[in-house]
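Feature list (source: Swiss-Prot):
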{"type": "ACT_SITE", "residues": "Asp145", "note": "active site, proton acceptor"}
{"type": "BINDING", "residues": "Leu21, Gly22, Thr23, Gly24, Gly25, Phe26, Gly27, Asn28, Val29, Lys44", "note": "ATP binding site"}
{"type": "CROSSLNK", "residues": "Lys163", "note": "ubiquitin cross-link"}
{"type": "DOMAIN", "residues": "15-300", "note": "domain 'Protein kinase'"}
{"type": "MOD_RES", "residues": "Ser177", "note": "phosphoserine"}
{"type": "MOD_RES", "residues": "Cys179", "note": "S-nitrosocysteine"}
{"type": "MOD_RES", "residues": "Ser181", "note": "phosphoserine"}
{"type": "MOD_RES", "residues": "Pro191", "note": "hydroxyproline"}
{"type": "MOD_RES", "residues": "Ser675", "note": "phosphoserine"}
{"type": "MOD_RES", "residues": "Ser682", "note": "phosphoserine"}
{"type": "MOD_RES", "residues": "Ser689", "note": "phosphoserine"}
{"type": "MOD_RES", "residues": "Ser692", "note": "phosphoserine"}
{"type": "MOD_RES", "residues": "Ser697", "note": "phosphoserine"}
{"type": "MOD_RES", "residues": "Ser705", "note": "phosphoserine"}
{"type": "MOD_RES", "residues": "Ser733", "note": "phosphoserine"}
{"type": "MOD_RES", "residues": "Ser740", "note": "phosphoserine"}
{"type": "REGION", "residues": "458-479", "note": "region 'Leucine-zipper'"}
{"type": "REGION", "residues": "683-703", "note": "region 'Disordered'"}
{"type": "REGION", "residues": "737-742", "note": "region 'NEMO-binding'"}
Amino acid sequence: MSWSPSLPTQTCGAWEMKERLGTGGFGNVIRWHNQATGEQIAIKQCRQELSPKNRNRWCLEIQIMRRLNHPNVVAARDVPEGMQNLAPNDLPLLAMEYCQGGDLRRYLNQFENCCGLREGAVLTLLSDIASALRYLHENRIIHRDLKPENIVLQQGEKRLIHKIIDLGYAKELDQGSLCTSFVGTLQYLAPELLEQQKYTVTVDYWSFGTLAFECITGFRPFLPNWQPVQWHSKVRQKSEVDIVVSEDLNGAVKFSSSLPFPNNLNSVLAERLEKWLQLMLMWHPRQRGTDPQYGPNGCFRALDDILNLKLVHVLNMVTGTVHTYPVTEDESLQSLKTRIQENTGILETDQELLQKAGLVLLPDKPATQCISDSKTNEGLTLDMDLVFLLDNSKINYETQITPRPPPESVSCILQEPKRNLSFFQLRKVWGQVWHSIQTLKEDCNRLQQGQRAAMMSLLRNNSCLSKMKNAMASTAQQLKAKLDFFKTSIQIDLEKYKEQTEFGITSDKLLLAWREMEQAVEQCGRENDVKHLVERMMALQTDIVDLQRSPMGRKQGGTLDDLEEQARELYRKLREKPRDQRTEGDSQEMVRLLLQAIQSFEKKVRVIYTQLSKTVVCKQKALELLPKVEEVVSLMNEDERTVVRLQEKRQKELWNLLKIACSKVRGPVSGSPDSMNVSRLSHPGQLMSQPSSACDSLPESDKKSEELVAEAHALCSRLESALQDTVKEQDRSFTTLDWSWLQMEDEERCSLEQACD
């Protein structure tokens, strides 16, 4: 459907006529706009010169459109009141929803699609058109004229939606009409329609297969520039599995059963769709669409299997090759790694699978964890969801990447750039050259993404290392504080012990134990280990900062972008040449751009792999440091527990020493009540019970002396009683503790047992 200039203004109430959208088999399609509500509709009106038979078929199309209801078939609308009166004849108007995206032909003609649509766009198109055809066939409707001009695009909530239009193909397929009205669209018609034979729904299979092939490759499958008669006689010679009949640059006709390159499909989709196209493009209608698994008309179910594939794309950073793996919902990551090992030779244990942000695929999640729906991006994104494969057994990544082999026609002009080609040959081969430069740029960008994913992974490991470094520093400080406290405490204890040995308690075993503690804590601390690790981590940090600051670590653009833009401009100028200027020409300028692009690609790849090797080396250092830091932290924690244990032991020994001292207090010492013979008294007040007559007979001075002695005895008695109560209370407290670990002298043990008795 081609866009036309605006028509003379015409209104019908709030409705205003806008531009002509296109011309169909029966008449014109015009856009109308409601100025009050903003609603837009497409009005299809018939030409006056229709034959009676086609007038009846026009009315039949309107009836069909009004009863259909499917998201991929354009919907009928009510004709606004009064608009029927504007019709040029008595035939009814057909009102339809307006799809602002234009038709598929307009989309295919965009320069970017010269070698086929993007993968996501191909999948959405196949899904939508297959769904629409299924619906029509279930309602016993055969479209018979499926082509890009009869598919329109509507922007949905998440993606573009494709809708089939123009169900009014009802021309009589006599020889005259075929050579006039259908010139340019014959290649979408099934052979049996051209041969005026009986047909079934399989005519739509041929049209759908031809349409799908063009969307994948950018050109029609069978001699697109040949006239109908010669076309028919040559194409019918193809085998049942041939899906391409083309001319090379020398004019030789070639038949092939393979999907041609270039296209934008991954290897798995290309292989599966190649087999599906072989079903759809069979020359004989009885065999067409028959699937080996699903039988006759099983092509739609076979396509469902393809569209429902879940694919994981793995970019091997060692070779630069993308491997695509179909996976099931419950397939484990380990299973995927086994398949990767079979394809790449990289051992499962050495495989590191990174996502774009540098995240490692989780082993406890299924292989589908890295898949997003490629059909929701409308094919606009240039990059598939890639998983980047690194080989952990490698430190130095050598540049092994070479550009993809060019298509056959591009190889020819590389060998003979001065060779003159026809305009149609130039248009095709120049489009392929431009696509080849685009591919070089995209391959370079993917390798750059892989290097950046490795860099992000390094930064994540470095972040973990930094946290562990901080934990190590904190643990080291805590340990140092406890060591300093312990060393200071035991030094003071040793000094005080030495001071009291002349008149106090002595114990060689206790002194030896303290000396051993002092030596034991000297082995704690790990200061040298911590210092060495910090130095290595600081050196690694410097290397990482240098990597981030390096221009090589940033996105590589520049020359390849410029060359791709120059090639696009050359191709655009060729496409837009007026018809009278479409003459032969050579490809020297295009070849020059392609050769420069190849050189630029190889240079950028060397830069990327130099950066990747440095990144891998830094990551290896970080991975080596992580367990060493963990080990040192673990040893420091053990040292801390040792210091705490020694501190507890020393404190228990001090308390035991105090117990021994207290036990000695209960023995005869200078100034004790026993030295004053207080213990021989039956009662502390015995001295006070002497007869008063004896006291009276003493002189006055003797009486005073006797009173002082009695008072002293009383005080001593009370002191002895208080001391005994205190010792008993201490005994009850001490005996609740376990002192079995402390070895005591026999004499001291006996003394303690007597005191307890």
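Keep in mind that glycine also has a Cβ here, set from the backbone N, Cα and C atoms.
The structure, with features from Swiss-Prot marked on it.
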residue : record                       : CB count, 10 Å
Leu21   : ATP binding site             : 24
Thr23   : ATP binding site             : 14
Gly27   : ATP binding site             : 23
Val29   : ATP binding site             : 21
Asp145  : active site, proton acceptor : 24
Lys163  : ubiquitin cross-link         : 24
Pro191  : hydroxyproline               : 18
> What are the helix, strand and coil residue counts for the region 'Leucine-zipper' (458-479) according to DSSP?
Replying inline: 22 helix, 0 strand, 0 coil
>> Between C-alpha atoms, which of these recorded positions comes nearest to Leu21 (ATP binding site): Asp145, Lys163, Pro191?
In response: Lys163
>> For Asp145 (active site, proton acceptor), which of the three DSSP-derived states applies: helix, strand, or coil?
In response: coil
> Quick one: Cα separation, the residue listed as 'active site, proton acceptor' versus Thr23 (ATP binding site), in Å?
Replying inline: 14
> How many whole Å apart are the CA atoms of the residue listed as 'hydroxyproline' and Gly27 (ATP binding site)?
Replying inline: 26
>> Please compute the mean pLDDT of the model over the region 'NEMO-binding' (737-742).
In response: 48
> How big is the Cα-to-Cα gap, in Å, between Thr23 (ATP binding site) and the residue listed as 'ubiquitin cross-link'?
Replying inline: 17
> Between Val29 (ATP binding site) and the residue listed as 'ubiquitin cross-link', how far is it from one CA atom to the other, in Å?
Replying inline: 16
